[in-house]
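Student: First the structure, then my questions, so here it is.
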């Protein structure tokens with residue numbers, strides 16, 4: 001089997017490494033020559049994962065046509081804000097009747113489209129039944145280190161879901177399939193917003209009680225907006241929901257938690273983002289999530305406060321204080 005991977009960031013590289021480790025021939029699309037040379041000559045992604053050796057069956061190319069055309073499966077892993085542009089570039093080369101697996105997370109700024117909506121808008125209908133979406137608690141470095149990991153595979157087509165599940169499943173990588181595309185996407189996107197809040201709490205020196213509170217109430221917000229969009233509430237108790245939320249809010253490798261932590265320590269958002277080599281999806285997703293909650297008429301207190309902190313300059317300490325001063329209410333999820 002020959003597989004093309006679109007996106008040479010840490011997660012796309014990790015998924016490519018996993019598939020190559022299984023014995024598949026994998027080619028990774030990179031945008032710069034030095035990265036291509038480093039992967040092909042030294043088996044190292046010098047930009048994103050410089051301390052890890054990649055399998056020999058994983059190669060790289062700058063030629064998008066070479067990466068996509070004639071492949072038996074396509075894995076798409078660009079940042080969500082770049083996804084539309086990438087899909088427009090690749091669709092003339094896309095093979096028909098092969099699985100297309102998205103690992104992007106986020107909600108598009110402006111249009112407020114979920115990743116699945118972007119795919120279905122940009123690609124002809126003949127590709128739609130072959131689309132699937134991978135999400136779950138999975139740091140890239142730990143996948144490459146072969147640490148036992150679980151993820152969700154969501155597709156509206158059961159045949160596609162089961163095929164992708166079988167291709168990705170390995171000794172250290174277990175997959176669960178679900179038809180709930182919306183639930184998997186909402187969980188994978190909004191957990192990054194909550195992780196920003198958890199990082200701020202840690203940066204301010206608050207304890208684990210506060211982090212647990214943010215995770216708990218964050219799951220409430222994720223579930224509320226998911227239900228409004230038609231998701232199955234049980235999805236949010238699975239890998240792409242609670243699993244990914246816990247990892248992203250607590251793990252030191254979490255880019256979104258790191259951004260929040262540094263904000264809590266007093267750095268500006270501009271300083272933080274200019275120093276990072278990877279994309280923290282939660283920053284852009286916060287804006288989309290805030291606008292989506294306003295559009296749907298859903299109260300999302302944590303999301304609203306993170307938005308005010310990122311885009312209106314609100315002091316992080318005031319954010320936490322205002323969350324604690326909110327009106328008392330009954331526990332539960334209602335939309």
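Even glycines carry a Cβ here, placed using N, Cα and C.
For 10, 11, 31, 105, 140, 255, 279, 281, the entry in Swiss-Prot reads NADPH binding site, with the evidence type sequence analysis. The annotation sn-glycerol 3-phosphate binding site is assigned in Swiss-Prot to 105, 136, 138, 191, 244, 254, 255, 256. For 191, the entry in Swiss-Prot reads active site, proton acceptor.
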Student: Between residue 105 (NADPH binding site) and residue 191 (sn-glycerol 3-phosphate binding site), what is the CA-CA distance rounded to a whole number of Å?
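Tutor: Between the alpha carbons of residue 105 (NADPH binding site) and residue 191 (sn-glycerol 3-phosphate binding site) there are 10 Å.
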Student: For the NADPH binding site, please report the maximum Cα-Cα distance among 10, 11, 31, 105, 140, 255, 279, 281 in Å.
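Tutor: Spelled out: the longest distance between any two Cα atoms in 10, 11, 31, 105, 140, 255, 279, 281 is 22 Å.
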Student: Please give me the binding-site residues out of 138, 244, 254, 256 that lie within 10 Å of residue 279 (NADPH binding site), comparing Cα atoms only.
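Tutor: The binding-site residues passing the 10 Å Cα test are 256.
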Student: Specify the nearest of the binding-site residues 136, 138, 256 to residue 11 (NADPH binding site), where nearness means the distance between Cα atoms.
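Tutor: Closest by Cα: 138.
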Student: Give the residue from the binding-site residues 31, 105, 191, 255 that has the most other Cβ atoms within 10 Å of its Cβ, counting over every protein chain displayed.
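Tutor: The largest 10 Å Cβ neighbour count belongs to 191.
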Student: Note down the number of other Cβ atoms within 10 Å of the Cβ of residue 138 (sn-glycerol 3-phosphate binding site), including every protein chain shown.
Tutor: 23
Student: Cα distance, residue 31 (NADPH binding site) to residue 136 (sn-glycerol 3-phosphate binding site), nearest Å?
Tutor: 26
Student: Among the binding-site residues 244, 281, which residue has the largest number of other Cβ atoms within 10 Å of its own Cβ?
Tutor: 244
Student: For residue 140 (NADPH binding site) and residue 254 (sn-glycerol 3-phosphate binding site), determine the Cα separation and express it in whole Å.
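Tutor: Taking the Cα atoms only, residue 140 (NADPH binding site) lies 10 Å from residue 254 (sn-glycerol 3-phosphate binding site).
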Student: Could you give the maximum C-alpha to C-alpha distance in Å for the residues 105, 136, 138, 191, 244, 254, 255, 256 that bind sn-glycerol 3-phosphate per the record?
Tutor: 15
Student: My understanding is the cutoff is Cβ-Cβ under 8 Å with a sequence separation of 6 or more in the same chain; which residues meet that for residue 254 (sn-glycerol 3-phosphate binding site)?
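Tutor: The list for residue 254 (sn-glycerol 3-phosphate binding site) reads 139, 195, 199, 247, 248, given in order along the sequence.
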